[in-house]
Amino acid sequence: MSPWSCYRSTGLLCIVLLSLSIPAAIGDLQVGFYNSSCPQAESVVLSVVSKHFATDHSVTAAFLRMYFHDCFVGGCDASILIAPTKKKKTERSAGPNLTVRGFEIINEVKANLEAQCPSTVSCADIIALATRDAVALAGGPNYDIPTGRRDGLVSNPRNVRLPGPSLTVSEAFQFFSAKGFTLEEMVILLGSHTVGVAHCVFFRDRLGNFQGTGSPDPSMDPSLKAKLTRICGPRPKPLKKDPTAFLDQNTSFVVDNQYYNQLLMNKGVMQIDQELASDSSTASVVSGLASDEAGFLQKFADALVKLGNVEVLMGTGISQIQPSIDRDDVNLQGRDTTLAATCMTSDSAP
Ligand code: HEM
């Protein structure tokens, strides 16, 4: 009896039995997981990412955000990639994911890998490897990233619960502590805002009517306020036409610690960024990172590796389904736990 027919016929009881009978989630992710099954896996990822980075340095930001939004919603399982259809919305349909980008590049990597090592490399590992490579290309650390993740079966917009840009530090930290991160690690991961952009909708309130006061956020540097006001214009625009501003106003395409230095100058673009520098629980972490670039880069690498371990699926079989997610969400035509031929469709399992 295959896991799929078992699941269809007898439901939850069967899942429990399968999870007892099929070896699953044995051991940890490991560096070089594909060394024997697909020795060229990591070099294929690097070559596609490098090709895109050469003409568009913003791919670093694209992958960092995709990695975060994938890993924080049901674990690092590539469920963020599944494209919605007319009948079925997926994580990509959820508000926080509407501006996530880089999907086509991940699929391009996958197509290359399928041609060379069919049904071997998971999309979740491709996201993790592509993020690692793009960070290194942008001047950040070049770290080893363990692999061996399986792709998930569930992609439902209702599961997308991510922190918003106007939260306080302690509100934001609730999301991170729930995933096993310390407050310092949250500040370090937010250092990803050393690259990339934010649409005006995510910080416009700070420019004119901050928290309903009718005045701008007093914590924003006046020259930055003037610049962002020029960029954003007087009226809100639909998301697709909304202008963007660099999150790190100094070295916008480089993975370095300048983001923290900008915060110390009151040049954080979104409220959550600036609050890291003013909140008493995080201010000293920000100033420490601002004055220690090597320290930041090492800690950033460690935090990104840890992010890649969040609730990962491993092994084989339906028993990988995470208990915290509704069974209703499972797409029975969906990807097997690893090995779809493309990363973006939910009906292409081999
Ligand atoms: C409290 C935590 C966080 C909040 C509230 C937050 C919020 C946001 C928002 C609202 C944007 C703007 C998106 C847009 O306008 O399209 C953004 C951009 C970005 N975020 Fe975060 N973020 C957080 C943590 C993180 C983490 C942990 C990472 C990575 C590990 C990350 C990586 C990025 C990147 C790279 C961008 C730029 C994306 C681009 O240029 O397309 N963020 N974030």
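Quick reminder: no glycine exception, Cβ is built from N, Cα and C everywhere.
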Starting from the Ca(2+) 2 binding annotation in TrEMBL that includes Asp248, Thr251, Asp256, which of Thr182, Thr194, Thr213 is the extra site residue?
Thr194
Scan Cys38, Cys71 and flag the one TrEMBL records as disulfide-linked to Cys76.
Cys71
Relative to ligand 1, which of the recorded positions Cys38, Ser79, Thr194, Cys232, Thr251 have a Cβ found under 6 Å from one of its atoms?
none
So of all those recorded positions, Cys38, Cys117, His193, Thr194, Cys232, which one's Cα sits nearest to Asp70 (Ca(2+) 1 binding site)?
His193
Determine, for the Ca(2+) 2 site, the additional residues of the same chain whose CB lies within 8 Å of the mean position of the CB atoms of Thr194, Asp248, Thr251, Asp256; present them in sequence order.
Val195, Asn250, Ser252, Phe253, Val254, Val255, Asn257, Gln258, Tyr259
Given the binding-site residues Gly75, Pro163, which one is most crowded in terms of C-beta atoms within 10 angstroms?
Gly75
Determine the mean pLDDT over the domain 'Plant heme peroxidase family profile' (28-329), rounding to the nearest whole number.
93
How long is the line from the C-alpha of Thr251 (Ca(2+) 2 binding site) to the C-alpha of Asp77 (Ca(2+) 1 binding site), rounded to the nearest angstrom?
31
